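Peer 1: Quick one: the structure is below, questions incoming.
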């Protein structure tokens, strides 16, 4: 597929706290050697520059002799103070060059020029949507661009209030530390540049660039119900922008949307905005994974920007690329067709979901034949055409995006009269539902086909570790089926509140039934006491078996502050967009957080669990996070996804 990368950065000049990036000037008619100096507040030291900075300033057809021939400055060849002095003398000449008249001081950012069109630099950003995408994305952009003011808006005063407090509305490892820097000036910056507001109209009007990071759920009624994306929040955001904008804006789709949504936004803006106001619409989908979102933002595989081919759209894309280039290497910032960018996000999520369903389908065969799914996944993953990532069998995928996006793609194929394509993608969701139901039935059958009045301990309710998000969690379906069998459910999750658990289960079952049969516990040990079975549904590190001893004290639980309920949208007119791309199984780069990986002394003491459970001490591992042989030695019988049972050893 053809794609055009943004102009590469040739070098960087550091001057005090300001850093100038040098890249080719694309203005039509300019000499090919002409370079444009651009300021970007990227906090790196001159001593870390990896290449010689070469400047050659040529003005149109007239060569500027004062900076000719090439001036080569390399911090490796001279002392840092001498290097800064040389830069200082060069910078004093820049304002006198006609072609660079917009540069008046060392802290002035030059405008972006593309084919003669000048796009003013982005100094103020508005993000509509204060959730899993909008919040972390805005925080990282603000941290990395101290000269840009980033304001996150929402009509929910409660949510905005939470973002202004120590108890952020979502839990994400490393998020609070990033917010502290930009919001509270923890790095010594003079003024905060990460703000949160309910004054949406004012912030929109003042912004140069607006991210739309609102929810796009699956429609529940009307045309396309059960498949099509509901764009009501996108439409609402577009109308609000049109009604209040008095100056030109760059509108950026952050939400996952169907191909062609930019055209819908354009139509709304053209119909409702002032004719004097010009809008450029870009696609910039997120590729974050809950639990590793901050790491994914700081070290992205790629930043995708979709634009049209006219000069205004290209200049807008370049302005957005400049925001990211404060910390993302230019070769990872890719510009493609606007519609291709919209479709790329859907395609990525669908192919990841497809991979999970593929390995889960094989787990059923493994259980029936005696093969081991982890050995199978390892063997298959050694093929470089396949690779080892996303081959972790489980009780089913969850999260706000996978199911929604697969159904959206299937619906798009259906509307394009491609029924075979639609059926193919629907089967990905079908396998996922089958996996959850199959796991729940396995629990029931193993407990002699009756769960009536038996206590079943559920460890983990979030759809994955390191998040409090329960949207589409496999636990909701599995616990629901166990409730229907008459079981008494004991739930422990270190990040999901009791209110959230009750809300999720009340959607499928009468509130009175949930109240009678479900109890939420503050720790794993108390949840497992007197249980007939333990079911692991989230791969929290504290459930792992790195440390198993017969005399250890009960493991303490991580001391996280519980985040405000992420799934509740009450009081919020702009729902946040969910993060859907899961973290790779193996990551070599990560941010170390105190509680990101639970130390051994904070983990569940399985010996104590064994002492309090009812025989035959059944454990159903829906995430394959425990060592079944170790637990068998403690007297447990372990049932894992894609593996034969590990029978208890006689003690």
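FYI, residue positions are counted from 1 along the chain as it appears here.
Backbone N, Cα and C atoms are what each Cβ position is placed from, and that goes for glycine too.
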Peer 1: Which range, 484-516, 517-549, 550-582, does TrEMBL list as region 'Disordered'?
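Peer 2: The range carrying the region 'Disordered' annotation in TrEMBL is 550-582.
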Peer 1: Going by DSSP assignments with H, G and I as helix and E and B as strand, what are the residue counts for the domain 'UDP-glucose/GDP-mannose dehydrogenase C-terminal' (457-560)?
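Peer 2: So the counts come to 35 helix, 15 strand, 54 coil.
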Peer 1: For 154, 290, listed as binding-site residues, tell me which one has the smallest number of other Cβ atoms within 10 Å.
Peer 2: 154
Peer 1: Could you measure between residue 290 (NAD(+) binding site) and residue 401 (active site, nucleophile) for me? Cα positions, answer in whole angstrom.
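Peer 2: On Cα coordinates alone, these residues lie 11 Å apart.
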Peer 1: Can you tell me the CA-to-CA distance separating residue 129 (NAD(+) binding site) and residue 401 (active site, nucleophile), as a whole number of Å?
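Peer 2: About 16 Å separates the two Cα atoms.
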Peer 1: What count of other C-beta atoms do you get within 10 angstroms of the C-beta of residue 403 (NAD(+) binding site), across all chains shown?
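Peer 2: So the Cβ neighbour count for residue 403 (NAD(+) binding site) comes to 22.
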